[in-house]
Amino acid sequence: MAKNICVIGTGYVGLLTAVGLADFGNQIIGVDVDGNKINSLNEGKSVIYEPGIEEYLTKNISAGRLRFTIDLQSALEKSEVVFIAVGTPSLETGEADLHYLYEVIDSIADNIKEYKLIVIKSTVLVGTNRNIYNRIKAKTSTPFDIVSNPEFLREGKAVYDFFHPERVVIGYNSNNAKEIIEDIYKAFNRASVPFVWCNWETAELIKYASNAFLAIKIGFTNQIASLCEEVGADVRIVSKAMGMDGRIGSKFLHSGPGYGGSCFPKDTRALASVGKKKGVPITIVEAVIEANENQKKRVVKRLEKRLGDLKDKEIGILGLAFKAETDDIRESPAIDIVSSLFSLGARIQAHDPQAMSNFSVLFPAIKYMNSAYDVAKGCDALLILTEWNEYRSLDMVKIKEYMANPYIFDTRNIIAEDELKKYGFSYDFIGHLGSS
């Protein structure tokens with residue numbers, strides 16, 4: 001049976017949740033405090049770049065199942081179920097900043113007049129759902145339930161992931177909550193998607209543990225890549241062979257300039273912080289956080305080794321988003337690398353198919369170019385930081401022609417070494433030897 005649902009927060013998680021639940025046939029009201037964002041969404045214009053999302057957005061708005069508002073109180077009055085997907089950024093301590101979440105919780109507690117199921121999609125510290133329950137209970141006698149339902153969406157593939165989850169994790173506190181959430185997600189039951197039913201704390205920890213483990217795989221691969229460079233091995237072959245082992249698997253074994261995005265950096269820090277606070281330091285996670293910071297520094301050191309003093313050197317950068325198929329620059333490796341290059345006196349021109357607008361807010365001094373070829377013009381080095389497909393098939397003859405010094409540092413290992421050799425580039429990769 002279709003439900004009236006309110007989704008609070010219209011970022012990556014909130015917007016995907018809103019359009020996905022609307023596509024299941026529910027009546028959805030998306031809520032955000034940003035009026036400009038709300039106006040754009042009601043016009044069918046996505047406020048994020050995510051392949052496929054605008055199609056679902058316009059489809060469900062046209063069908064009358066989806067609308068957006070800044071009026072939280074009105075949305076709550078019209079909804080049986082409330083999904084919360086507000087941001088939980090990192091504090092300086094590494095812990096998640098929950099003040100946006102608690103502002104929403106307090107508004108709900110002050111305004112609910114009949115039973116609500118409150119579903120927490122935001123990534124939160126272990127114990128938060130229980131704190132939320134106690135916080136609301138202290139403010140109102142109106143009945144309610146809390147469900148912890150962490151998301152596992154991959155940016156760039158989030159639409160597919162919403163409709164084809166590998167598992168659905170539900171932390172719950174009552175059979176009534178379980179029945180309602182089962183009804184909302186009945187399409188997943190029909191598709192035989194496995195459900196993990198557990199208490200709140202277990203659901204919260206599943207999210208952190210999953211992201212930390214993936215970050216560990218990336219960090220481990222990058223450290224093996226550094227060793228490969230010293231001993232003459234090739235990380236591409238090492239990681240491919242490792243991935244053939246079913247106990248390890250091939251995903252997240254690609255070397256690069258370091259992980260970034262809205263999840264891995266924040267969630268590893270939060271997990272490490274919780275471990276310390278509880279007297280159970282998770283040293284492997286602490287080590288991967290340090291390794292990830294060092295990986296970005298290694299990229300800059302490699303450029304210095306090739307070019308010497310970087311003062312007044314023209315560095316071209318291809319890719320600013322933390323990964324391909326997104327405009328998200330949150331904790332992108334490019335941020336720290338660009339900061340270091342500027343501090344060393346380099347000049348930078350850059351291109352990214354989707355992320356230049358976001359990046360220019362942080363770095364207005366960069367020259368933002370219309371294409372990779374424009375970036376190459378006059379460059380002393382071309383640095384590839386994001387694995388966009390369009391960078392895999394560049395005309396290397398033209399690139400060399402444009403560059404002042406034909407040197408490419410491909411941190412994503414997406415350019416064929418034979419092609420670089422053929423056209424006389426000097427080059428470096430991460431995890432296998434570059435040109436002499």
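Glycine is no exception: its Cβ is also placed from the backbone N, Cα and C atoms.
For the NAD(+) site, TrEMBL lists Asp32, Lys37, Thr123, Glu155, Lys266, Arg330; matching the candidates Thr88, Thr93, Thr221 against that entry yields Thr88. Same-site candidate for substrate binding, as annotated by TrEMBL with Phe152, Leu153, Arg154, Glu155, Lys207, Phe252, Leu253, His254, Ser255, Gly256, Gly260, chosen from Lys45, Lys59, Lys78, Lys323: Lys323. When the Cα atoms are compared, Arg154 (substrate binding site) and Lys37 (NAD(+) binding site) turn out to be 22 Å apart.
When the C-alpha distances from Arg330 (NAD(+) binding site) to the recorded positions Phe152, Lys207, Ser255, Gly260, Cys263 are tabulated, the minimum falls on Gly260. Sorted by the number of other CB atoms within 10 A, the recorded positions Leu253, Cys263 start with Leu253, the lowest.
Of all the binding-site residues in the record (Phe152, Lys207, Ser255, Gly260), the one with the smallest CA separation from Lys266 (NAD(+) binding site) is Gly260. In this structure the alpha carbons, written CA, of Thr123 (NAD(+) binding site) and Leu253 (substrate binding site) are 24 Å apart. With every protein chain in view, the residue among the binding-site residues Lys37, Arg154, Lys266, Arg330 whose Cβ has the most Cβ partners within 10 Å turns out to be Lys266. Long-range C-beta contacts of Phe152 (substrate binding site), restricted to its own chain and to partners at least six residues apart, with a cutoff below 8 Å, comprise Asp161, Pro165, Glu166, Arg167, Val169, Lys207, Ser210.
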